[in-house]
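Novice: Quick one: structure below, then a few questions.
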Amino acid sequence: MHVLLKNALDACTGALGFYLFGYAFAFGHRPNELSNGFIGDWNFALSYTAQVSADDTGALFDGFPTQGWHMWFFQWSFCAAATTIVSGAVAERCNFAAYLAYAFFLSSFVYPVVVHWLWSESGWLSPFNTKQDGEALILGTGAIDFAGSGVVHMTGGMAALMGAWIIGPRIGRYDASGKVNEMKGHSSTLVVMGTFLLWFGFYGFNPGSNLAISSRSACVIVSRVAVATTLSAGTAGLTTLMLRYLKSGTWDCVLVCNGCLAGLVSITAGCAVLEPWAAIICGAVAALVFMLAEYFVLYRMKVDDPVSAIAMHLACGMWGVMYVGLMAKPQFVRDVYGTKGFGPDVLSTKKFGIFYGGHGQLLLCQFLEVLSICAWVGLMMGAFFYALALAKRLRVPVDQELAGLDVSKHNNEVYGGGSADGGSRGHANATGVAPFQAEGRGGIGGGDGDYGGNRELH
């Protein structure tokens, strides 16, 4: 229940934070002007949007397409997605007040600044910033991040890394010698269902980022994005399936689901400028990146991430951003971005993937995006989490964590509690510590859960 509540409040907190400050920091600018390259400075609490939408004369309405109600709503969904990535990485031990604080901070300031850099016409790394002779400000190209492998997923993944690292591992995740103890997930059924819901959502996430479908060229781009998204996800799922089978001789349903999502995260940056066969390669490598990053985070960095958010969103997001600089097809770059940022002739200036003969400006811009997002989000969220930790407001007390946050914070359990109706209860031994075994008595509540009281501490 505690985890479910946080996921619901990600949308709630993100809505208010993005309304009051975030959208203005991301896209706001005064009429007929551009804001600075670092951060937006206009339309707080959608004040300007309300003004231009109510203007019957049309004198101000020309500002509505970029600062209208519809744009806030679409961009809020991306903001909520970035915010909710973090909650899984700090699950089972994060203080609820700390959660609300970081969710608001991330949605109202940290994430919007990254959005401004890459997606605003004023952003310093944006391909839409054409202040310099009709070409982008940085290397005459800017970075291509069509639907947010960097903007959304790397931002959420980097914030998740800082949160999970500073808050520390769950009790029982590592033994005294530092060996990793297995802590199984709550429900494979919910994992599969959630995977298909997310996969379906990516068809709004990626094709929707074209922001238009009313012309023939827009229809071509949107449909191509959907195909690339599908191929990357499917390939990544199959790749994780085979890699696990080659290693252990067994099939792993949950790993396949994570593989599909890794493919979706990675293709998000370049889905509009990659050929279908290139999308297949993107997904295959994304699966390998995810598995290696998951191992490195848990076993080498000793960072406990219950939902593998760091490996999936940070590592696979990095791969997706960099892959654009390798495989962006010249004709597709021209079709999607036209003369915006890339100048009047993309083909002659060779501002596309180096495997198509590009000069390398685009690849360098993609690298700058990776570095800048890691530095900005790492610094801001790292300082924020560290301040909460110093104030002893980041992590719940040991006794509450051992009891499970459903019990200690909600006085209830996700399946209703009790034994007669299939609920599950955690029982500590005489020391009050491990082992903390779930006691399931019939029904779905008797599973080997990972959240609240439904887990076993070794």
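Every residue, even glycine, has its Cβ placed from backbone N, Cα and C.
So TrEMBL lists the following for this protein:
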{"type": "DOMAIN", "residues": "2-415", "note": "domain 'Ammonium transporter AmtB-like'"}
{"type": "TRANSMEM", "residues": "7-26", "note": "transmembrane segment"}
{"type": "TRANSMEM", "residues": "72-91", "note": "transmembrane segment"}
{"type": "TRANSMEM", "residues": "98-119", "note": "transmembrane segment"}
{"type": "TRANSMEM", "residues": "146-167", "note": "transmembrane segment"}
{"type": "TRANSMEM", "residues": "188-205", "note": "transmembrane segment"}
{"type": "TRANSMEM", "residues": "225-246", "note": "transmembrane segment"}
{"type": "TRANSMEM", "residues": "253-270", "note": "transmembrane segment"}
{"type": "TRANSMEM", "residues": "276-298", "note": "transmembrane segment"}
{"type": "TRANSMEM", "residues": "310-328", "note": "transmembrane segment"}
{"type": "TRANSMEM", "residues": "370-391", "note": "transmembrane segment"}
{"type": "REGION", "residues": "435-458", "note": "region 'Disordered'"}
{"type": "COMPBIAS", "residues": "440-452", "note": "compositional bias 'Gly residues'"}
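Help me picture where these features are in the structure shown.
Specialist: Through the fold, the transmembrane segment (7-26) approaches residues 39-46, 72, 75-76, 79-80, 83-84, 87, 99-100, 103-109, 111-113, 115-116, 119-120 of its own chain, all at least 6 residues removed from its boundaries and within a Cβ separation under 8 Å.
With a threshold of 8 Å between CB atoms, the same-chain residues lying at least 6 positions outside the transmembrane segment (72-91) that come near it are 3, 6-7, 10-11, 13-15, 17-19, 22-23, 26-27, 46, 49, 99, 102-103, 106-107, 111-112, 115, 148, 151-153, 155-157, 159-161, 163-164, 167, 204-205, 208, 211, 305-307, 309-310, 313, 451.
Beyond the ends of the transmembrane segment (146-167), by six or more residues, the same chain brings 78, 81-86, 88-90, 93-94, 102, 106, 110-111, 114-115, 118-119, 205-206, 208-209, 225, 265-273, 297, 301, 303-305, 309-310, 312-318, 320-321, 336, 369-370, 373-374, 377-378, 381-382, 385-386, 389, 394-395 to within a C-beta distance below 8 angstroms of the stretch.
Within the same chain, residues 146-147, 199, 202-203, 206-207, 209-210, 252, 255-264, 266-268, 270-272, 274, 276, 279-280, 282-284, 286-288, 290-291 sit at least 6 positions outside the transmembrane segment (225-246) and bring their C-beta atoms closer than 8 Å to a C-beta of that stretch.
Here the transmembrane segment (253-270) has long-range neighbours at 144-150, 152-153, 185, 188, 191-192, 194-195, 198-199, 202, 205-206, 228-229, 232-241, 244, 278-279, 282-283, 285-287, 289-291, 308, 311-313, 316-317, 319-321, 323-324, 327-328, meaning same-chain residues at least 6 beyond its ends whose C-beta is under 8 angstroms from one of its own.
Here the transmembrane segment (276-298) has long-range neighbours at 161, 180, 227-229, 231-237, 239-240, 243, 255, 258-259, 262-263, 265-267, 270, 304-305, 308, 310-312, 314-316, 319-320, 323, 327, 329, meaning same-chain residues at least 6 beyond its ends whose C-beta is under 8 angstroms from one of its own.
Long-range Cβ contacts of the transmembrane segment (310-328) within its own chain (Cβ-Cβ under 8 Å, at least 6 residues beyond either end) map to 85, 89, 143-145, 149-150, 152-154, 156-158, 160-161, 164, 258, 261-262, 265-270, 273-275, 278, 281-282, 285-286, 289-294, 296-297, 303, 352-356, 358, 360, 362-367, 369-370.
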Novice: Other than its close neighbours in sequence, what residues sit by the transmembrane segment (98-119), given a CB gap under 8 Å and a spacing of at least six beyond its ends?
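Specialist: Tertiary neighbours of the transmembrane segment (98-119) are 6, 9-10, 13-14, 16-18, 20-27, 35, 37-40, 75, 78-80, 82-83, 86-87, 90, 125-126, 128, 143, 145, 150-151, 155, 159, 163, 369, 372-373, 376-377, 380-381, 384-385, 388, 393-395.
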Novice: Looking only at the domain 'Ammonium transporter AmtB-like' (2-415), report the model's average pLDDT.
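Specialist: Averaged over the domain 'Ammonium transporter AmtB-like' (2-415), the predicted model reaches a pLDDT of 91.
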